[in-house]
Amino acid sequence: MTHQQELAPGPDHEDAAAASATAPKKVFMRTYGCQMNVYDSERMTDVLGSEGFAPTETLEDADLVILNTCHIREKAAEKVYSELGRIRKIKEERALHGKDTMIGVAGCVAQAEGRELTRRAPVVDLVIGPQSYHQLPALLKQAGKGGRIVETEFDIDAKFRHLSDAAARSAQPAAPRRAPTAFLTVQEGCDKFCTFCVVPYTRGAEVSRSVEQILAEASQLVAAGVRELTLLGQNVNAWHGEGADGKAWGFGRLLRRLAEIDGLERLRYTTSHPRDMDDDLISAHRDLRQLMPYLHLPVQAGSDRILAAMNRKHTRDDYFRLVDRIRAVAPEIALSGDFIVGFPGETDADFEDTMDLVRRVEYGSAFTFKYSQRPGTPGDLMDGQVDEDVKTQRLHALQELITAQQTGFNASRLGMTFGVLFERKGKRPGQLVGKSPWLQAVQADAPDEMIGTVQPVEIVEIGRNSLFGRLKAGQDESAGA
Ligand code: 5AD
Ligand code: SF4
């Protein structure tokens, strides 16, 4: 991979740096794709905050623009290039007023395109891959001296070490209060090599953070007011790290340890691979009241032939058995998933197997995608690519089925009372918005002081995008869940 290549000199940023000694600098961060990118964008914002950059939502005000990109589906890179075209115009407009604008591209498109990005879009000052965000301040300074910087090294250990140091540094009593929910990356990369997927190439091999690093960051977040943590990883349940005892821990054990943190009310994790749901992790769903009854467990397809072609390393029966084992210990759990329709070679009969699997499993929600050819993946070169029209028809049929299941699941909450973690004010005065244990949005009239607390709420109405509830006094979160 390319490493810090100085290409043609770019515009000189020295003047802007001098001017910014007086006015605070502003960064505009646009995030595409998965929750891992959301987490990475937050960390980049933190790192830049300590360099004096305040976040802005207005592109025209930004001294630094960062696009944190996603490469998982088609035309991702093209979208980034057209976005860069728009940003170039704003940069030119700002230049007329003597203001400099630095432009960075981060995330998986940065990793995949590398130097090509600065060739096709010379407006870009910095290309930075997902493993290098801890070097952002230093790289910006370098880019500020002129020249374009491309940094796409795979050194995830260094990134994780730095994240932990940053957590330790901000674990001061005066740490700013945060929203009640937060993401925490525990694992990055993937060794599974599903034949449709770019992740093993853009995020690299699977690496787990150590127990010590994760606990330090989790404790710091809880001390700053976080009540719900979502552990993130491309293959999160493949996490395996070294504990303080020097022994290898599995993901279930990590969850048990995190559940001991005082003040941490809720735990979630995403995304899981069916192959890595071991007994300890399954029984954690029975044992831990903090572990929410919602599990994203993608199966991708329902036909054994397609699952084999996808290199998923499990059959549909393996998946059914797994779902039975999970539901045996946690009957209230809602399952969610990802599905790809129109993988190369998928016949009507194969697709019907996917529909049948969905009917049998019954999902609380799920994401559906048309297969898109990704250069560099084995699927791209496979025979039997499916017509776009056929993909569209299958997508609609599957979406209709899943929407019906989701609507039914939401409706089944009517009259139930369960804990809602209030996250923020609602649109109407006096109203708060929070999440149910099953990740549904819930709105209820409640005082602002309840933000960041879990309160019992009785569901009185089912809306299209959220549930409406009424505060109930004197019951705990487990009620009705
Ligand atoms: N085409 C369509 N969907 C894809 N996904 C990953 N790669 C592709 C692709 N090439 C979907 C998978 C994965 C989710 C994050 O994106 O369903 O679980
Ligand atoms: Fe991609 Fe997930 Fe398969 Fe890994 S397990 S290759 S991240 S779809």
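Any Cβ shown, glycine's included, is placed from N, Cα and C.
Taken from TrEMBL, the feature region 'Disordered' applies to 1-21. Here TrEMBL flags 25-145 as domain 'MTTase N-terminal'. If you look up TrEMBL, you'll see Cys34, Cys70, Cys108 marked as [4Fe-4S] cluster 1 binding site. Among the features that TrEMBL reports, domain 'Radical SAM core' is placed at 176-410. Taken from TrEMBL, the feature [4Fe-4S] cluster 2 binding site applies to Cys190, Cys194, Cys197. The annotation domain 'TRAM' is assigned in TrEMBL to 411-473.
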Residues within 8 Å of the Cys190, Cys194, Cys197 Cβ centre (excluding the [4Fe-4S] cluster 2 site residues themselves): Lys192, Phe193, Phe196, Val198, Val199, Pro200, Gln234, Asn235
Residues satisfying Cβ distance under 8 Å from Cys197 ([4Fe-4S] cluster 2 binding site), sequence separation of at least 6: Ile72, Cys190, Arg374, Thr377
Neighbour tally for Cys34 ([4Fe-4S] cluster 1 binding site), based on other Cβ positions within 10 Å of its Cβ: 18
Shell list ([4Fe-4S] cluster 1; ref centroid = CB of Cys34, Cys70, Cys108; cutoff 8 A): Tyr32, Gly33, Met36, Asn37, Thr69, His71, Ile72, Ala76, Gly107, Thr202
Other CB atoms, at most 10 A from the CB of Cys190 ([4Fe-4S] cluster 2 binding site): 22
Contacting binding-site residues, sequence order - Cys34, Cys70, Cys108, Cys190 vs ligand 2, Cβ under 6 Å: Cys190
Cα-to-Cα gap, Cys70 ([4Fe-4S] cluster 1 binding site) vs Cys194 ([4Fe-4S] cluster 2 binding site), nearest whole Å: 17
Distance from Cys194 ([4Fe-4S] cluster 2 binding site) back to Cys108 ([4Fe-4S] cluster 1 binding site), taken between C-alpha atoms, in Å: 17
Residues of the domain 'TRAM' (411-473) by DSSP state, where helix covers H, G and I: 4 helix, 33 strand, 26 coil
